[in-house]
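Take a look at the structure below.
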C-alpha cells in the first residue's frame, strides 16, 4: 500500500436517501448532473452551477432505469437501459418510450422480463450502447442468467456476453483496443481484447482482483467505474466505503474514503469525481446502513475523465411513436 495516494470525503455534497443511487452522468451542454434511483424508479437532476439547492426529482417512473447515455443529434432526450430493455427519455419531463425489448420470445414465456432488469452500461466509440441485465433483487434470487446486450445505431440488437451475475462498469481504454467490465460478485474487473471497428470482444481475463487480505472489508466488490484522461480506472467499492484509482497495469495507486459503506458509481465532471451511493437496508429495523447512505458525493481529483461517446441512433430513433406521438410506455 506504500505510495498509494489518499483522499477523504467527510460529508455528502447532496444529502439524499436513495435506495440505489446509480448512473451519474454529466450533461455538459447544460452543466447538469443526472442520475437515477434504480429501486425507487426516480430520475434526478441537479444544476452543477447552482449546486445542491437545485436538486429535483424529474419523474418517478413505473419501471426502473439502470443506466443512461446521450444521443448524437438529440439534445432533448437520452437513451437508457431499463427494466425490459432500451428506451428513450425526455430530459426535462422524464416521459419515456420503449424502442427495443431485449428478451427472446422463449425468455418472455419463462417470465424473464419480470425477474430481471437493466443495470450498468455505456456507449462505445462506434456509437453502440452496451447494457448489462441482471436478476432483479426485488423479485428474484441471485443467479448468473444475466447478459450484456448491445444496441447498434441501426437498431439491431445482439448479445455479446452471457452468464452474467451483476454487470457493472463498462469502459474502454485510450487506444480503444481493450474493454473493461466487472461482474461484481466475483470481485473482479475483467478486460477483453476489443475490435473498435466491429465491436467484437475476445480473450476475457482479469484486470483487477480485490486484494486477498480484505483490507477494504470482506463484502467489498467493484461496482461502477470510469476512466480518466491518463488511462487510469476509478472504481467504486460497494461495501468498501472507497473509490479506488487503478493503473493501466492493474495496481491500486489512489483511494478515496467515502463516508458511507456502499458507493456505487463514479463519474467525472471536469476534474471533479461525483459518486452515487446505495441506501441499503442492513441497518437496525431495516433502516439505511449509515446516515449518509444513498447520498451523492463530490471531490476534486486533479484529472479529467475521458469523454463519453454518444449513441449514434440520433433523431432517427422513433420507436414507440405513431405519427410523432408517443403511444406506449
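Backbone N, Cα and C atoms are what each Cβ position is placed from, and that goes for glycine too.
Here is what TrEMBL says about this protein:
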- 20-278: domain 'SMP-30/Gluconolactonase/LRE-like region' (DOMAIN)
- 22, 168, 223: divalent metal cation binding site (BINDING)
- 117, 119: substrate binding site (BINDING)
- 223: active site, proton donor/acceptor (ACT_SITE)
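Note on residue 168 (divalent metal cation binding site): other Cβ atoms within 10 Å of its Cβ, all shown chains, come to 27. The divalent metal cation site is defined by 22, 168, 223, and by the 8 Å test on Cβ atoms against their centroid, the other residues of the chain that qualify are 119, 120, 169, 184, 224, 236, 238, 264, 265.
Of the recorded residues, residue 22 (divalent metal cation binding site) and residue 117 (substrate binding site) place their C-alpha atoms 14 Å from one another.
For residue 22 (divalent metal cation binding site), the number of other Cβ atoms no farther than 10 Å from its own Cβ, over all displayed protein chains, is 26. The average per-residue pLDDT of the prediction over the domain 'SMP-30/Gluconolactonase/LRE-like region' (20-278) is 96, rounded to a whole number. Within the same chain, residues at least 6 positions away in sequence whose Cβ sits under 8 Å from that of residue 117 (substrate binding site) are 38, 64, 66, 82, 83, 133, 134, 136. Counting only same-chain residues at least 6 apart in sequence, those with a Cβ under 8 Å from the Cβ of residue 119 (substrate binding site) are 38, 66, 67, 81, 131, 132, 133, 134, 146, 166, 167, 168. Sequence-distant neighbours of residue 223 (divalent metal cation binding site) (same chain, 6+ residues apart, CB-CB distance under 8 A): 168, 169, 182, 184, 235, 236, 237, 238, 263, 264, 265.
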